[in-house]
C-alpha cells in the first residue's frame, strides 16, 4: 500500500496485470493463467489455471488488499503443486510481482528453488522496491529474468515483455498429439443450459462436438467430457511465434504507365489506392510468397497483430 507509485503500488500493479492478462491471451490464445496472492505469510490461490481473461480480471479486482509478511517459499511450494500437473509439452512459467523487501519462510527456500528447477518451472520476478539476492538467485537457477521497476512506465514495459512465449528448450519440448474440438456456434434463438454457468441461456454460445454440451466462450475445456475446445483462428494465432511471416520486400514506386502493375493499384489488404494524391506512386511492399502488394500500414498490421498474410 506504499504510495511511491501513485495512487498506490497495489492499484498500479492491478492496472498493469489487467493489461498483461489481455495481451497474454491475445498472443497465446491456447495458454492458461492462474493468479496467486502472497500475504500474511501464506500464499493463496486466487484463480485456478484457466483461459478466460475476464474471470481472472474480475477475481483480481475483487481482492485488492495487502497485509502481513510475504513468504516466497510458500508461494513457490504452491506454484510447484499446481504446475506439476501441466503435461510435458507445456511451458511452466511463474511471474512474481514482488513489492516486499524480505521473505518470511518456514523452511529452507534453497531446497524449494531446487525443487522448482527440477520441475522445469521458469521463474521470473519484477520487483517494485529494491533488488533482493534471493529473487535474483531464484531467476538465475530457473532460467527466468529479474528486473526492478524504476517507475510506472518502466513497470508496464517490464510486465508486457513477458507476454510473448519464451523460446522452447529442445530437451524439454517433447512433441505430443492433443485431442481438440472445433465447436459450432449455437443458433441465435436456441435456449440451452450452459455447462460453465449452470443456467439456461438464449442464443450465442458454442456446442461441444463430442458431447453436445453448451459453453459460453472459447478457448476452454468442456466441463462434461474434458475435450479442449478452440476455434481455428485461436490455433493459427498460437503458432505464429513458431512460424513467423517472412518480412515483405520493399518495392520501388512503380510508374502508372508500367503495364505490369495495372492490376496492382490497390493494396491487397485494405483495398486502398497505392497512389498518393496527384497520382504519385507511394511506398509499398510485396509478399515474397504470393506476390501481393501491400501498403506500409497493412505491412505493420500483418506482422505485429494479424500474423498471417491475407494473400497466402
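Cβ from N, Cα, C; glycine included.
Whatever TrEMBL says is automated annotation, not expert-curated.
What you are looking at is a predicted structure, and each value in this text was computed from that prediction instead of being measured.
Annotation comment: TrEMBL describes 2-163 as domain 'VWFA'. The domain 'TFIIH C1-like' annotation in TrEMBL covers 266-312. Under the heading zinc finger, TrEMBL lists 208-225.
When averaged over the domain 'VWFA' (2-163), pLDDT in the model lands at 91. Helix, strand and coil counts under DSSP for the domain 'TFIIH C1-like' (266-312) come to 11 helix, 11 strand, 25 coil.
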